[in-house]
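Below: one structure, written as structure tokens.
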Amino acid sequence: MFSTTLRFISLRYGAMGMLKSEIQPFTVASVSIGIHSIVKSRSQSTTMLHCCQSNYPGKNLREVLQHLEGFAPLNFAESWDNVGLLVDPMENVPVKNILLTNDLTEDVLEEAISASAGLIISYHPNIFHGLKSVTAKTWKERIIVKCIKHNIAVFSPHTSWDAVQGGVNDWLSEAFEVNSKTPIIENPTNPSVGAGRLCILKKPITVEKAVESVKSHIGIPHLRLALGKNKIESDTISSIALCAGSGSSVLRGVKADLYLTGEMLHHDVLEATQNGIHVILCNHSDSERGFLKVFQTKLQNELLEEKVGVIIAINDRDPLKTV
């Protein structure tokens, strides 16, 4: 227990030096992990955070999965996607703590272990392409082995969260004052949900204003902008087609004044701009990650009735940084 606590402390201490802006979601809404003391080392004037587990009664994994699938049914996901329960330790123990992350890396897994999480909800699937072995050879294989060893299940919602009302794409659209929004590609079983969103603004705004609104909403200092042919940043827009993550296939050919997504293929950006459409790119996972803060509150307080603690990984970040 003592060694686990130290591992947790060093992880948080290192993060505080680099990720001050990301600490708040953890400290404010981390009901499962609470800061209770600050201790000064005898050998050096360094402060470290001691954390303790809280006493949530927990819920059975199957109950938690029912709530998750009630929010976003798995049949809302794209046919090519790999969603649902991806790692199941098959231990009949209550889930008392859940860790939310956009991507499940080994650093994020260490957070989950230190927090005694019984479930990791990883927006992106940690298993996507087929595995021929589960050993210590690759980082993805090691994650599966350690999850099972520490009785941690892994659930991935991915494109079911994109499609559902109140999900990732609707969160992204909240960067603007929208009069109406509809799915760009409707789900075949439910036309009210689907991939992407075509948004009609309440009133026209300049491209420059759109850029600043996206930066503020997502919380990033820089993004990439491609102006439509013969247009400038002071020109106004009235419609926005958006798709969190990689939007090339969803946005291709859509009629709108501006495309907003995390990333697009070069030739799709070129095609859009030559047709007079502006393009904003804000990194793949940066266009998705902010939804975790919204879902953290919904999951803990509403869906799980405060019987399970929910925290957000602080070591989860987009691998790309604009410098």
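Going from the start of the chain as shown, residues are counted 1 onward.
Using N, Cα and C of the backbone, Cβ positions are placed for all residues, glycine too.
What TrEMBL records for His124, Asp162, His284, Glu288 is divalent metal cation binding site. Cβ neighbours within 10 Å of Asp162 (divalent metal cation binding site), excluding its own Cβ and spanning all shown chains: 30.
Cβ proximity to the divalent metal cation site centre (mean Cβ of His124, Asp162, His284, Glu288, cutoff 8 Å) flags the following additional same-chain residues: Asn102, Tyr123, His158, Val168, Ala244, Gly245, Ser246, Gly262, Ser285, Ser287.
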